[in-house]
Ligand code: ATR
């Protein structure tokens, strides 16, 4: 069996082992997938120990996506721009890093939700590890306009500056702002903040939403509910982060194994579990 883990702190409740086990069964790939809880300050040492012990790669979650980016000797272009890595592959000549979060988000919006990104006006809230991975793939999906807002404006400005050339190449109008500068009437609004974990209200004003727009929270379960309930009150169609979670996992599986598993079955099974909880 080739061994992989989800590395983070905490990882107790991660659904990645269930998702990847299902992918392995479906594709026939000899993959075993477990959790690796990593105490603060020990990321590189613990991942190295796992690799030396025969591990083939890992997914990375909060709070280690930047450290994983630093640890990779080679990065895919989308990971390079994101300054965040959620997937490492232990190649013979060093660790290769990818960021599959944004591709998972784009796949979930366009394929699972059936909402076109091409020509859309999109608001992305949050410039942490989750938000950073989304910027490049949203640009490449051909949105017309992309606004990244964040509580700490400097982080949004830095991320937008890094993606300026890509945006120009794709004819996308890209800007950064404070939460109060979200603008109005967006077609798609993505919440990549952890504001709801802190019990905070919506990070942006209702005017940011066009009636009937799609509002997606990258979280799922109880953490996503208050923000999505607020968005529905404003007339939005809402979606949690479960589809994105499954799709980013499928992209990671492909990065490791060269085959993209189908996601319909596992998404429906997880949806039933999460909605019942
Ligand atoms: P993740 O990897 O999940 O993105 P993170 O890197 O800690 O986690 O980022 C959390 C994001 O949520 C950041 O954009 C953060 O804003 P700051 O960059 O200003 O810290 C945002 N966030 C957290 N709590 C928030 C709150 N109460 N209101 C608004 N934004 C919040």
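Every residue gets a Cβ built from N, Cα and C, even glycine.
The following features are taken from TrEMBL:
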- 65: active site, proton acceptor (ACT_SITE)
- 14, 15, 16, 61, 86, 101, 220, 248: shikimate binding site (BINDING)
- 126, 127, 128, 129, 130, 150, 151, 152, 153, 154, 155, 218, 241: NADP(+) binding site (BINDING)
- 6-88: domain 'Shikimate dehydrogenase substrate binding N-terminal' (DOMAIN)
- 117-196: domain 'Quinate/shikimate 5-dehydrogenase/glutamyl-tRNA reductase' (DOMAIN)
- 241-271: domain 'SDH C-terminal' (DOMAIN)
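Positions of TrEMBL features highlighted on the structure.
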{"residue": "14", "record": "shikimate binding site", "Cβ neighbours (10 Å)": "19"}
{"residue": "15", "record": "shikimate binding site", "Cβ neighbours (10 Å)": "18"}
{"residue": "61", "record": "shikimate binding site", "Cβ neighbours (10 Å)": "20"}
{"residue": "86", "record": "shikimate binding site", "Cβ neighbours (10 Å)": "31"}
{"residue": "101", "record": "shikimate binding site", "Cβ neighbours (10 Å)": "32"}
{"residue": "126", "record": "NADP(+) binding site", "Cβ neighbours (10 Å)": "24"}
{"residue": "151", "record": "NADP(+) binding site", "Cβ neighbours (10 Å)": "16"}
{"residue": "220", "record": "shikimate binding site", "Cβ neighbours (10 Å)": "22"}
{"residue": "241", "record": "NADP(+) binding site", "Cβ neighbours (10 Å)": "24"}
{"residue": "248", "record": "shikimate binding site", "Cβ neighbours (10 Å)": "27"}
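Sequence-distant contacts of residue 16 (shikimate binding site), defined as residues of its own chain at least six apart whose C-beta falls under 8 angstroms from its C-beta, comprise 6, 33, 35, 59, 249. Taken together, the residues in the domain 'Shikimate dehydrogenase substrate binding N-terminal' (6-88) have a mean pLDDT of 97 on the 0 to 100 scale. In this structure, the C-alpha atom of residue 220 (shikimate binding site) lies 19 angstrom from that of residue 65 (active site, proton acceptor). As a whole number, the greatest separation of Cα atoms within the shikimate-binding residue list 14, 15, 16, 61, 86, 101, 220, 248 is 18 Å. Secondary structure of the domain 'Shikimate dehydrogenase substrate binding N-terminal' (6-88) per DSSP (helix as H, G, I; strand as E, B; remaining residues coil): 35 helix, 18 strand, 30 coil. Close contacts with ligand 1, defined as a Cβ under 6 Å from any of its atoms, occur at 126 among the binding-site residues 14, 61, 86, 126, 248. Listed binding-site residues: 130, 153. The one with the lowest count of other Cβ atoms within 10 Å of its Cβ is 153. Fewest other C-beta atoms within 10 Å: among the recorded positions 65, 155, that description fits 155. Here the domain 'Quinate/shikimate 5-dehydrogenase/glutamyl-tRNA reductase' (117-196) has, by DSSP, the following mix of helix, strand and coil residues: 33 helix, 21 strand, 26 coil.
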